[in-house]
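For reference, Swiss-Prot has these:
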type: BINDING; residues: 117, 121, 127; note: Zn(2+) binding site
């Protein structure tokens with residue numbers, strides 16, 4: 001099952017990023033396969049590629065955290081087997097680029113990791129408890145390994161702990 005993926009580019013920096021739609025589809029299809037998720041027949045998600053200012057506003061509004069982060073997920077909250085709209089993933093260019101550089105990882109690989117991580121939140125995974133975090137990270141490693149991407153947790157990224165929790169509430173600002 002392949003969901004419909006709506007892509008919105010809300011920051012000029014992403015204009016040079018080669019084919020985000022294909023990367024998103026590849027990562028999400030592999031994540032569905034590895035997780036065994038059963039989605040609604042007409043499942044749909046949106047991915048917003050934005051800048052730090054855009055995501056900082058969302059982070060402040062929905063999480064009460066007054067700074068940018070790498071990715072936010074906005075799950076719709078319904079059962080994934082019957083809910084057509086799974087939710088939204090928002091990825092910030094500057095933070096993602098900085099983290100990739102600091103970790104010595106290719107930018108595209110880090111974006112792939114954030115797409116997988118964000119999508120797992122949309123289908124019900126979280127990392128609030130240690131056991132849940134371990135299971136989620138193991139699944140991310142497996143997905144990325146299948147795509148030929150190195151283990152994203154070899155070196156911890158500063159924003160992974162403070163920015164990847166699912167967010168409750170609608171993301172109306174990008175669905176205009």
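Keep in mind that glycine also has a Cβ here, set from the backbone N, Cα and C atoms.
The binding-site residues listed here are 117, 121, 127; among them, 117 has the most other Cβ atoms within 10 Å of its own Cβ. Secondary structure from DSSP puts residue 121 (Zn(2+) binding site) in a helix. Annotation note: residue 127 (Zn(2+) binding site) sits in a coil segment as assigned by DSSP.
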